[in-house]
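J.: If you look up TrEMBL, you'll see 1-88 marked as domain 'Chorismate mutase'. Taken from TrEMBL, the feature domain 'Prephenate dehydratase' covers 111-289. What TrEMBL lists as site 'Essential for prephenate dehydratase activity' is THR282. What TrEMBL records for 301-377 is domain 'ACT'.
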Amino acid sequence: MTELEKYRDQIDAIDRKIVRLFHERMQVVEKVADYKIKSGKSVFDSQREQQKIRTLGELCENDFEKRAVVEIFEQIMAISRKKQYQLLTENGVTLPVDYASTEKLHFHNARVVFQGVEGAYSFEAMKTFFDDSIETAHVSTWREAMELLARHEMDFGVLPIENSTAGSVSDIYDLLLHYHNYIVGEQTIKIDHMLMALPGTRMEDIRTVYSHPQGLAQCSPWLDKNHPEWTRRQVLNTAMAAEKVAREGRRDQAAIASRSAAEYFGLQILQEGGMSAEKNSTRFIILSARRCFVKGARKISICFGLPHACGTLYNILSHFIFNGLNMFKIESRPIPDRPFEYRFFIDFEGNLADPAVKNALRGIQAEAVDLRLLGNY
Ligand SMILES: C=C(O[C@@H]1C=C(C(=O)O)C=C[C@H]1O)C(=O)O
């Protein structure tokens, strides 16, 4: 036996002891869970954990081992909590979320609101998601759409949440937080931006180009390269840009909008193709004030705050990993009046009826601040 083999034998013997001791600890943890189920006491006890970390740290021989022991026990206690969340779920202790499941969404004859005007991309997303029986209304801001839903004056709303080139629509995240409307579906639409103007307009006549900020952002490489001299002006919606150019009748103005907007407002397309990325698409969410999810729903959106402390996001994300849940997206938004503190928005794969989802949500609810379920769709 070489010297190395001898040491490895010693390590193996120690590791066997650690595994045995870990098992013993987990058996006690199950008894703790039992007690908590009966007494209704919450799983996470941050004071007890901090005190344990302090006393265990003090047992260490040096600073290096102290740091290591702190890290190891933070993990051991996190695992012990996850075991307890699992036992709570298995014992039928339900999460306090009042979501109703339904076989399918009922939108026949529904009232649907979108932001913008006919010819806008939201309009196209709405037409694709719903059938022809719906009654539609349009408003000029996203906030108004949210408001109408919250007051139950409209059944569903269609709002853009993310573009594959320009990224997330951050205002929508802020509105999701402000209004208690829920995501019940999503629709992705391919975005083909085109440059349009009054019939007969030549490129060299144009001085100003109008579009939604996302339209301008998505076409900025094309504009920078070909027409850096044009003034870029933001309007609320791409179709509104087309409508403005048509209504004002000036040859020095152009709009960046969809083909359907050009057709709807009788404008001539001066440039199509190559204005924005080839695979440019926008994802729209379908919102409702009713908290329901369809039985086959495979995507969940949540948001929560976190204390400004080292490792808090890491600990929360561990609930997804531990329960084998795939994350699609993570987004952070600043919390107003709390400089440099953030609220996180996460989309992940699953259905609210899945035990793995229940376990993860239970853990996140206990360990994050103000968890909100935004939808399962
Ligand atoms: C086991 C318990 O539950 C949790 C896990 C702990 C641990 O593993 O030591 C400590 C405190 C709690 O957050 C307990 O409450 O004692």
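Each Cβ is built from the backbone N, Cα and C atoms, and glycine gets one as well.
I'd like to know what surrounds each of these features in this structure.
T.: Per-residue pLDDT, averaged over the domain 'Chorismate mutase' (1-88), rounds to 96.
For THR282 (site 'Essential for prephenate dehydratase activity'), the same-chain residues lying six or more positions away in sequence with a CB closer than 8 A to its CB are TYR121, ALA125, PRO160, GLU162, ASN163, SER164, THR188, ILE189, ILE191, GLN214.
DSSP states for the domain 'ACT' (301-377), grouped as helix (H, G, I), strand (E, B) and coil, give 24 helix, 29 strand, 24 coil.
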J.: So, three-state DSSP: helix, strand or coil for THR282 (site 'Essential for prephenate dehydratase activity')?
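T.: Assignment for THR282 (site 'Essential for prephenate dehydratase activity') reads strand.
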J.: Quick check on the domain 'Chorismate mutase' (1-88): DSSP residue counts for helix, strand, coil, in that order please.
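T.: Looking at the domain 'Chorismate mutase' (1-88) with DSSP, the answer is 76 helix, 0 strand, 12 coil.
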